[in-house]
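Here's what TrEMBL has on this protein:
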| type | residues | note |
| --- | --- | --- |
| ACT_SITE | CYS368 | active site, phosphocysteine intermediate |
| BINDING | ASN307, ILE308, CYS368, SER369, ASP370, GLY371, TRP372, ASP373, ARG374 | substrate binding site |
| DOMAIN | 158-440 | domain 'Myotubularin phosphatase' |
| DOMAIN | 338-384 | domain 'Tyrosine specific protein phosphatases' |
| DOMAIN | 441-490 | domain 'Myotubularin phosphatase' |
| REGION | 529-554 | region 'Disordered' |
Amino acid sequence: GGRSKPSDGLGSYSTLQLQSSGEQLQPKPLYIFPTLFYSSDKDIIYICPFNAAVKGKVFITNYRLYFKNTDSETPVTLDVPLGVISRIEKMGGASSRGENSYGLEITCKDMRNLRFALKQEGHSRRDIFEILFKYAFPLSHGMQLFAFLSQEKYEENGWNVYEAMEEYRRQGLPSSEWRVTFINKNYELCDTYPTILVVPYKATEEDLRRVATFRSRCRIPVLSWFHKENHAVIMRCSQPLVGMSGKRNKDDERYLDLIREANGTTKLTIYDARPNVNAVANKATGGGYEGDDAYQNAELVFLDIHNIHVMRESLKKLKDIVYPNVEESHWLSSLESTHWLEHIKLVLSGAIQVADKVSSGSSVVVHCSDGWDRTAQLTSLAMLMLDSFYRTLRGFQVLLEKEWISFGHKFASRIGHGDKNHADQDRSPIFLQFIDCILQNNVRVKTASLWSFVNSDTSLYINPFYTSESSRVLYPVASMRHLELWVTYYIRWNPRIQHQSPVEQRYKELLALRDQYLKKLEELQLSDSTHLTNSSTPNAATPNQHITHLQTPF
């Protein structure tokens with residue numbers, strides 16, 4: 001693919017996967033055909049918040065913005081994939097006074113703000129602004145995202161990581177209590193649900209259609225996870241359409257009773273992710289919650305997790321205190337004022353309640369308003385606690401594909417990749433760590449899966465201390481005293497912060513040591529095999545006998 005090493009750190013092949021580590025740049029070749037759209041002929045000043053202003057060159061392609069300094073021997077680089085850019089603004093005007101007052105300010109989704117200064121002559125920033133604005137927000141200009149243009153190939157097709165029927169069989173389904181239905185094969189029942197659903201065995205197709213009319217966006221209660229031993233289940237759905245008049249729906253009430261009866265519990269627990277006051281307020285717009293009078297065999301629990309707008313504002317406050325500098329003298333009070341850890345605690349606490357209830361043998365139903373934000377957080381976290389398979393690398397991929405993508409989390413709206421509307425009220429950090437997903441037809445054909453990339457080198461993601469304990473529930477401690485800010489994510493751009501924890505460093509050392517042992521073991525096996533082949537001694541030991549004493553704790 002013409003992947004000759006760029007002579008100037010970037011050159012014409014500027015969208016090669018360049019991984020920055022601190023101030024260093026490590027090229028990783030990919031099968032991508034990049035296009036260079038902008039190369040500054042004059043020096044541009046990067047106003048670095050951690051050092052003095054730095055002169056250098058800026059390159060823009062249809063994948064990334066790249067800056068490399070030209071005024072010192074110490075390399076200073078910026079490597080910014082265009083997908084992380086949220087906002088581009090012009091800084092200052094033709095009449096602005098003061099050093100470095102004229103240029104561009106770029107707001108990123110990865111906690112960074114970048115500022116570039118140019119000389120005030122001949123519309124010097126017009127070209128860079130227009131090109132950057134166009135390719136950072138391709139969807140707003142009638143163009144495709146870079147994922148659809150990439151020619152990158154992998155040995156494994158990550159789109160095949162999750163197969164719904166295979167995953168349900170792994171859980172022990174279908175069973176005498178639960179059946180698989182294809183009623184949504186053409187997305188006619190619910191256009192934001194997957195085509196394969198698991199529902200109570202006694203529920204007919206007509207029952208499902210009638211229940212869909214009483215659930216927001218037709219997102220009926222369907223099975224997410226089945227406990228093989230006690231047969232309790234996690235169901236997910238959206239809010240019932242009760243409204244201000246307190247409407248009831250006998251089909252919906254009977255359907256939830258079928259869920260309860262499937263494993264013989266006396267009470268079905270419904271976890272409503274919202275604060276009570278929000279659920280009541282939703283009645284005004286036609287929504288609501290399951291009242292005691294209508295659902296007499298159910299217990300309703302509100303988990304007090306706030307909506308997407310509160311989460312968005314909380315992250316903004318967090319960004320303000322971690323970038324570019326951390327004010328240590330007021331750190332604890334500043335962190336508390338963001339309420340970020342408080343939100344994390346509420347989500348964790350809710351998931352623990354779900355996992356604990358299912359582990360004790362009771363089935364649960366989980367929903368929020370539409371059932372694709374807080375619901376996905378709760379179900380996937382509870383499943384992670386309950387099922388050790390989801391704590392493996394492959395299992396975690398299945399979990400995200402199943403609970404987030406197939407059940408319609410609005411990645412495109414929440415993250416907003418390629419869209420210039422940075423003030424969109426639908427944006428929210430519901431699954432901050434997850435990669436952007438474009439919800440189109442034929443995305444599996446047109447793009448490479450994230451899992452293709454991850455699975456091409458799994459050693460980067462494996463925990464050497466992982467143990468498979470299928471019968472043990474993994475409960476985290478959801479207490480403010482034990483929660484910590486994820487420093488290596490939120491403050492990773494600050495060079496004064498230690499970017500690798502001692503535990504992570506020890507992991508890497510142990511992995512390297514394990515590889516050394518395995519290599520030595522292979523050499524000894526090969527040596528013993530050769531020795532045995534050439535030996536005429538009839539009682540020679542077998543290779544396994546020779547290497548028994550080399551076993552290690554790994």
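Backbone N, Cα and C atoms are what each Cβ position is placed from, and that goes for glycine too.
Keep in mind that this is a model prediction, so the values were computed, not measured.
Mapped onto this structure are the features recorded in TrEMBL.
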| residue | record | Cβ neighbours (10 Å) |
| --- | --- | --- |
| ASN307 | substrate binding site | 16 |
| CYS368 | active site, phosphocysteine intermediate | 28 |
| ASP370 | substrate binding site | 19 |
| TRP372 | substrate binding site | 24 |
| ARG374 | substrate binding site | 27 |
| In the same chain, outside ASN307, ILE308, CYS368, SER369, ASP370, GLY371, TRP372, ASP373, ARG374, whose C-beta lies within 8 angstroms of the Cβ mean position for the substrate site? | ALA273, THR375
| query | Taking all residues of the domain 'Myotubularin phosphatase' (441-490) together, what is their mean pLDDT? | reply | 76
| task | Just report the maximum Cα pair distance in Å for the recorded substrate binders ASN307, ILE308, CYS368, SER369, ASP370, GLY371, TRP372, ASP373, ARG374, no decimals. | result | 12
| In whole Å, how far is CYS368 (active site, phosphocysteine intermediate) from ARG374 (substrate binding site) when you measure between their Cα atoms? | 6
| remark: Taking only the CA atoms, the spacing between ASN307 (substrate binding site) and CYS368 (active site, phosphocysteine intermediate), expressed in whole angstrom, is 9
